[in-house]
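Annotated features in TrEMBL:
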| type | residues | note |
| --- | --- | --- |
| TRANSMEM | 24-45 | transmembrane segment |
| TRANSMEM | 65-86 | transmembrane segment |
| DOMAIN | 68-111 | domain 'Mechanosensitive ion channel transmembrane helices 2/3' |
| TRANSMEM | 92-125 | transmembrane segment |
| DOMAIN | 112-176 | domain 'Mechanosensitive ion channel MscS' |
| DOMAIN | 185-269 | domain 'Mechanosensitive ion channel MscS C-terminal' |
| COMPBIAS | 292-302 | compositional bias 'Low complexity' |
| REGION | 292-312 | region 'Disordered' |
Amino acid sequence: MEITKYYNIIIEKLVDWSENLVEMLPNFILAILVLIAFVFIAKVAKNFSLKLIGKAIHNNSLSSIISKLIYIAILTIGTFAALSLLNLDKTVSSLLAGAGIIGLALGFAFQDIATNFIAGFFMAVKRPFKIGQVIHCEGHSGVIKHIGIRTTEISSFQGQEIIIPNKLLFQNPLVNDSENIYKRIDLDVGVSYGEDLERVREITIDAVKNVPNINKQKDIDLVYLAFGGSSIDFRVMIWVEFKSQLEFLKSQSEAIISIKKAFDNNDIMIPFPIRTLDFGIKGGEKLNEVLDQQQASDQSSQGKRNNEQGEA
């Protein structure tokens, strides 16, 4: 009897489900058609917005971001519309509530990732740099290879590929070398105290006049900085055309070589560090007294050794 009872219950449930399935079949087919239509509309809208926005703002990164957001938004609307056709309004409400809670939780868990996305969006709008330009930020330097929504990839001058989170580029000071056609070389040099400083100035400026990529429109500046421990220090400043980091370093190298050759040809000395020991200052001992004491100590030690050898 019990088996028959449970058997009848199962049969009744199956019959009810089959009837409901037949009743919902038209809505189910309609929901699938609606979902397919929204997928098609989303793709068309994505491609159209990509072209339209790209022509309007001439920014591939930003137009790509906006077109993807439009695509996701249309797909989301289509999904909820399909669920509503299946009389799953409560399910839709639950999904929306759940999505809000999950979104809040994920926001706290992945706030750095979210910050990078937001920074990438604003960078795409502001465009502080472009692919192929040279940037310096937070100890990283290199040529930009790719600008993404979350990270930016650069190639360092040593050939390393560096991936930088957009948050760092957006929140920290950033130097874009490529925005300026010319860049200045600053070389610090020291000469002996016995040199004629006016003569040194003329020879140094003349030596760097033909540095590769030099800007002839700007003057070469030389200023004396300080009385150093071993030399009188000065700085020579040269403006050169910035073609690439390597070309800039080559210009700097040629400037150093030219200055050294000019100094050698004109007997101008770049002194080594010099240390002077003064035993005559207040509180110290004179050098001759120290040497006399050392000599007396050495003679005393030698005499003791001779006596010991004689006794032996």
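Keep in mind that glycine also has a Cβ here, set from the backbone N, Cα and C atoms.
Within the same chain, residues 67, 70-71, 74-75, 77-79, 81-83, 85-87 sit at least 6 positions outside the transmembrane segment (24-45) and bring their C-beta atoms closer than 8 Å to a C-beta of that stretch. Secondary structure counts, DSSP: the domain 'Mechanosensitive ion channel MscS' (112-176) has 21 helix, 24 strand, 20 coil. Mean predicted confidence for the domain 'Mechanosensitive ion channel MscS' (112-176): the pLDDT average there is 81. Helix first, then strand, then coil: DSSP counts for the domain 'Mechanosensitive ion channel MscS C-terminal' (185-269) stand at 32 helix, 25 strand, 28 coil.
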